[in-house]
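Over in TrEMBL, the protein carries these features:
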DOMAIN    24-56  domain 'LRRNT'
DOMAIN    158-211  domain 'LRRCT'
SIGNAL    1-24  signal peptide
TRANSMEM  220-248  transmembrane segment
Amino acid sequence: MGYWRVPSPVLALLLLLCPPPSPACPATCRCSPGEVDCSERGLREVPWSLSTNTSTLWLSYNFITVLGPRSFPPLPGLLLLSLAHNRLELIHSQALLGLGALQELDLSHNHLTVLTPETFLPLTSLATLNLGSNRLGELEPGVLGTLPQLQALLLQDNPWVCSCGILPLWRWLSHNREKVQDKSLLLCRVPEQLNKYPIMAFGDESFRQCQETSLSPQHYIAFFIIGPFSFIASIFFCTFMGSLVVFYHSLRRESHCWGRP
């Protein structure tokens, strides 16, 4: 069976008349090769129509409050993401899936109060993380432990609660001083007597009471072993003492009866 062949000049003309589709660009954003700028567009969620070739995405100065599961389309080449100056209160544990190549993430000037270790788990290449100017009172070291390539961390201007709960974060900061930017700006907010006191100025002696009150697994094992035995021993002791009292009263009653004329 024969087939019809399109002459080369005709094929070239068709290609000129029908150019390949250009990479997607959200209607409200400005796009250039590899970069998408959606800043100050009044957005309440991440636009989905993003090119897979995007390497830089600006989403700052919008009204995004929540990043739900899979908030981003697959962006295997995304290196920089800015969500600064939004109203972020919650980041779902699966919100950042598909951003494994990301190297810089700016979440500053938002309303974040809690972050879980699962939040940044997909970001195995992240080198710079900005969490400044949020509402963080504590931060689990496990959150930072999921970022093996982290080189720069910004945490300034958060209302840190300088109680025993901040001890794990203080330990991490003490062992990773070279990664913490603007260490002098990490200030306590609560309690009032420590307001504006630098977190990095604490020493081991500052948390001595916290360490003394903390119980090790050996302590809990001892409690589970000694507790039941103490309970049983107390029952036997009470029974024994009660028997002695009854026996004593019986003897007194008998001696009183024998003493009558």
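Numbers here mean position along the shown chain, with the first residue as 1.
Note: Cβ is positioned from N, Cα and C throughout, glycine not excepted.
The structure displayed is predicted, hence computed values, not measured ones.
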Spatial neighbours of the domain 'LRRNT' (24-56) far in sequence, C-beta under 8 Å, 6+ residues away: 62-65, 67, 71-80, 82
Predicted model, mean pLDDT over the domain 'LRRCT' (158-211): 91
Secondary structure content, the domain 'LRRCT' (158-211) (per DSSP, counts of residues): 32 helix, 9 strand, 13 coil
Helix, strand and coil residues within the domain 'LRRNT' (24-56) as assigned by DSSP: 0 helix, 7 strand, 26 coil
